[in-house]
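A quick write-up on the structure given underneath.
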Amino acid sequence: MALLPVVVFLITMLLPCVLTNGKDPAFTALITTQSQVQNEIINKHNQLRKSVTPPASNMLKMEWSREAAVNAQKWANRCTLVHSNPDDRKTSTKCGENLYMSSDPSSWSDAIQSWFDESQDFTFGVGPKSHNAVVGHYTQLVWYSSYLVGCGIAYCPNQDSLKYYYVCQYCPAGNNVYTKNTPYKQGIPCASCPGHCENGLCTNSCEYEDLLSNCESLKNTAGCEHQLLVEKCKATCRCEDKIY
């Protein structure tokens, strides 16, 4: 009986890392500087994002971020199964992160699907179905405003079994602590973005983020000309007709 090809752990460990020398075709085919790999990653994310249950009215279509991919690859090269420091995965905004380890070179689609499958342990609007359920990879993957993704992979030969390390970073970051159980707005697909819809996903993304949780009320009271809003509420003030 053949051994299962993939084993995934979400534990803390430090693994020495050596990059592939190019002799392993299965690994080489996963390197994310290749356009076909980037397309696979983007297409898989968008396929899953538009298939959420319940459906989402404000789910943004994802795009590839070269900057996020560079950061993800740098972290993957360290072969450590812990999340990177938030400051190390910033682009123009804060970025979230999903990690995956495999005993064999799984496809990117399989890695991404494994994150999405955490939805089986998640109830929309409520949260994890049990105290020990891990759902943060799923909620980040389907976080409505995370529209940029970049990924990297490393080969870690000194690890006994989990030799393949996958990292994806998402910008702007999802999993807001105050709204983590509602990763998107429930409703008819694209209802929140009339005129900006492609295959059930919104395309009116915002390149900025708010650094305060009460930007909308501050806008109503102080106006976007106030220095505080200029610095801390760029999305609210510059993306009126966009999703953020």
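Cβ coordinates are placed from backbone N, Cα and C, and glycine is handled just like the others.
Cys224 is paired in Swiss-Prot with Cys237, the candidate among Cys206, Cys237, Cys239 named as its disulfide partner. A disulfide bond in Swiss-Prot ties Cys233 to one cysteine from Cys206, Cys215, and that cysteine is Cys215.
Put simply, Cys239 is the one of the disulfide-bonded residues Cys224, Cys233, Cys239 whose Cα lies nearest to the Cα of Cys202 (disulfide bond). The Cβ of Cys193 (disulfide bond) lies under 8 Å from the Cβ of Asn58, Cys202, Thr203, Asn204, Ile243, each of these being in the same chain and 6 or more residues away along the sequence.
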